[in-house]
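Per TrEMBL, the features are as follows:
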type: TRANSMEM; residues: 47-66; note: transmembrane segment
type: TRANSMEM; residues: 124-145; note: transmembrane segment
type: TRANSMEM; residues: 151-169; note: transmembrane segment
type: TRANSMEM; residues: 176-194; note: transmembrane segment
type: TRANSMEM; residues: 209-230; note: transmembrane segment
type: TRANSMEM; residues: 251-272; note: transmembrane segment
type: TRANSMEM; residues: 297-315; note: transmembrane segment
type: TRANSMEM; residues: 322-346; note: transmembrane segment
type: TRANSMEM; residues: 352-371; note: transmembrane segment
Amino acid sequence: MSFLRLVICVTGVYAMFLLWAIAQERLSVPFAAIDGSSFDKFNSPLFMGTCQSALSALSALLYIFIRRKPGQTLTQTLGLAPSSVQSTNSVPNGAANGAAKTNGHAHPKEHNTRFSVRALLLRYLQCAVFITSAAPFGFAALSYITYPAMVLGKSCKLVPVMLMNVLLYRRRFAPYKYLVVAMVTLGITLFMGFGKEKPSKGNNNGGEISAYAQLIGIAYLLINLAIDGATNSTQDEIFARYRVTGQQMMFWINLFCTVITSIISILPLPYIPVLHPSTSATELQGALDFIRTHPSVISPLAQFALTGALGQLFIFETLQHFGSLTLVTITLTRKMFTMLLSVVVYNHRLTLGQWLGTAVVFAGISVEAWVKRKDVHAKQVIQEKEKARIKTL
């Protein structure tokens, strides 16, 4: 069942986010005005995030109530109270990617005996703030560094995720996890570094990028990666401390994200390069005006929000049962498969170094899969022996 669940999660993440990427690319190109007088770009990323987080919260809520166990109260269904049903059937797998420790002592398994709703909601709010604040820095980095440099940096996300787990929550990992992180990061670095395609310029004037501008871009990228790592490690910590499901976490984090971005969208903010790149009085007003004058944006915007919401269901299912490092590995290999699909469809030619990078990535994935299957088999053997012992009694 564990292997089948992993296959379903991987398939869902791949399918939904490939469609999501198509919608995102469509939203990045100009749309024709309703009177045909001009072509303009949709410059309201915060509104896009609000649409996606709102639909994601609704999708998670529907999923939670569809899978609701008999006898659960509303607070138990939403993960705001300990549930005996949930405790026996939904054991969070945060430990799959390391054991959290405080003051040198591991958290006890029965850590939800003193369930704190306030502390849990604050953790959810913390994740929402991280997610809302990380995106603008990633977007701003593209103004100062090349897109390949941005992709390469995002591809090394495994490193800050593990680093933040160690620094923030003293989480330790099995040795093979470090090997997988190193192999995947090395493989993607080789793939990106040996490409023959010329990178696009990160500035708007088409000239060379100054060293000072690159430093600013790298700083923005590092902030983005650090916040992403803090987000993933905080999610692992929630699973380690509270017996919540992935969809319950998805609901609350997206609900908080929707509230935060909605409030920011109606504030009359001035032009801020990182946080508020729109020139309109409020982002909500600018987005609604654009939709009114460019109705063709509605379809890709809906596709972007819907596929993002459905994709998050698979993401949080993966996060709950396999941990953030496995999730990041899946998302990184999705990028790799997207590159390989592009090679097949558009007849691109890969260099020997890129093929080597691809082989290293798949080797790392194979190590992860082999160890997990070995662990699952060992647990099954132990369970069968325990069942046999109980029968003899």
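Glycine is treated like the rest: Cβ placed from N, Cα and C.
Against the transmembrane segment (251-272), the recorded stretches 47-66, 209-230, 297-315, 352-371 differ in Cβ pairs under 8 Å, and the greatest number is found for 47-66. Contact check: the transmembrane segment (297-315) against the transmembrane segment (47-66) gives at least three Cβ pairs closer than 8 Å, residues 6 or more apart, which meets the contact criterion. Each of 47-66, 209-230, 352-371 was scored by its Cβ pairs under 8 Å to the transmembrane segment (124-145), and the highest score goes to 209-230.
Counting only same-chain residues 6+ beyond the ends of the transmembrane segment (47-66), those with a CB under 8 A from a CB of the stretch are 27, 77-78, 132, 135, 245, 247-248, 250-251, 254-255, 257-258, 261-262, 265, 283-284, 286-287, 301, 304-306, 308-310, 312-313, 316.
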